[in-house]
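Here the structure is laid out as structure tokens; the discussion comes afterwards.
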Amino acid sequence: MADQILYRKAEEVSGLQNYIVSLTEEEKEAVARIIESLPALDVRRMENETLTQIQVAAQQLPSRLVEHLVRFRREPNRYGVIMFRNLPTDAELPATPADGGFPADKSTFVSEYCLLQFLLFLGEPIAYEDEKAGLLIQNVCPVKGQEKRQENTSSNHLNYHTEDGFHPYQPDYLSLIGLRADHDRVAQTLTASVREVLHTIPSTALTLLRQPLYRLSPSSSFNITGEDYSVVLPVLSGSLLEPQMCVHFSSMEAVNREAKWALDTLRNALLHVGIGFQLNPGDLLIMDNRLVAHARTTFTPRYDGKDRWLQRMFTVVDFHRSSFSRGQGGYVCSPLYVESIKNGNSTSLQASKPVVID
Ligand SMILES: O=C(O)CCC(=O)C(=O)O
Ligand SMILES: [Fe+2]
């Protein structure tokens, strides 16, 4: 069932305005000039050397923007998000990919370069072979026939979730850049931060939310083959006063009634602090995936090539932790595989296939 939609528009949340950074025309030109100096990108084969060149070039970004990124990484704000507006955009765009896949006919790379330049200040890029073909920069578009799915190819309400929270190497940061708005300009990406609600949650609920009492199944965007699988996790972890949160209001189930009560309490609290961001061309929203859950409101696609189109990229702060899964020099985690635990009734997801080095 879809969550009841309750949110304030980002422009109306006064404290958030410090973290909505609109580029001046000079800053926009400076970003565009850096991008012009960079070669054409092959998004399907991003070499380490290419990433290094992009990151070196990004050191020339206007210092105000760099300062915002550095501060966000060091001390995330209570909303767990930062947004940049008025970024340069691609002069021409091909049709919005009908299948949400790679747009082979996109011949300029302004949106990709904006994502990469900004996100490389927030860790190392990461992707997953079982999701969106392991693309580092993924396309988020409505797909015909998938309107009601709880994944980003849908257009009905998408419930709050932590991105890939079931994955051992889930993203620390998740970013979305707007290429095309929806026709009616109604789609809002919603965020809800644990830091906004923690003080409202009774301590009994907090204690339960810190226990591994929550079963989480991978999202349907992940092509994991095998039997039924899930992981059992706590919802809150880490610091008592500034915990991390992992939730999913479609694919997470509490294992008993008390745990369900605690999750419902958190869910209701989050539903009251939602913030809505409309992602127009040139808008970049960066979320700390450890602090915020995100969702999306309903919109109506026309499947006419001009539908809503976002691009998405993930980063992690500790890249080494996933090195076994990624193998040498790569940023794509190898497929998860499912291993039954015969003595319990459960299954568990294993980190990855071992990497074979010739
Ligand atoms: O469409 C959106 O605004 C967000 C979709 C989403 O949850 C995602 O791409 O991770
Ligand atoms: Fe998502």
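Think of each number as a place in line: the chain as shown, counted from 1.
Placement of Cβ uses the backbone N, Cα and C atoms for every residue, glycine included.
Confidence in the domain 'TauD/TfdA-like' (77-313), given as mean pLDDT, stands at 94. The domain 'TauD/TfdA-like' feature in TrEMBL is assigned to 77-313.
Taking the Cβ of HIS294 (Fe cation binding site) as centre and 10 Å as the limit, one finds 24 other Cβ atoms among all the protein chains shown. Marked as Fe cation binding site by TrEMBL: HIS161, GLU163, HIS294.
The 2-oxoglutarate binding site annotation in TrEMBL covers THR204, ARG308, ARG312. Spatially close to ARG308 (2-oxoglutarate binding site) yet at least six residues away along the chain are THR96, CYS141, PRO142, ARG180, ALA181, ASP182, HIS183, ALA187, PHE299, PRO301, judged by Cβ distances under 8 angstroms.
Between the alpha carbons (Cα) of HIS294 (Fe cation binding site) and THR204 (2-oxoglutarate binding site) lies a span of roughly 25 Å. Under the DSSP three-state reduction, THR204 (2-oxoglutarate binding site) is assigned to helix. Within the same chain, residues at least 6 positions away in sequence whose Cβ sits under 8 Å from that of ARG312 (2-oxoglutarate binding site) are ILE137, GLN138, ASN139, VAL140, ASN152, LEU174, SER175, LEU176, ILE177. Closeness to ligand 2 is met by GLU163, these being the binding-site residues among GLU163, THR204, ARG308, ARG312 whose Cβ falls under 6 Å from the molecule. Note: the Cα of GLU163 (Fe cation binding site) and the Cα of THR204 (2-oxoglutarate binding site) are spaced 26 Å from each other.
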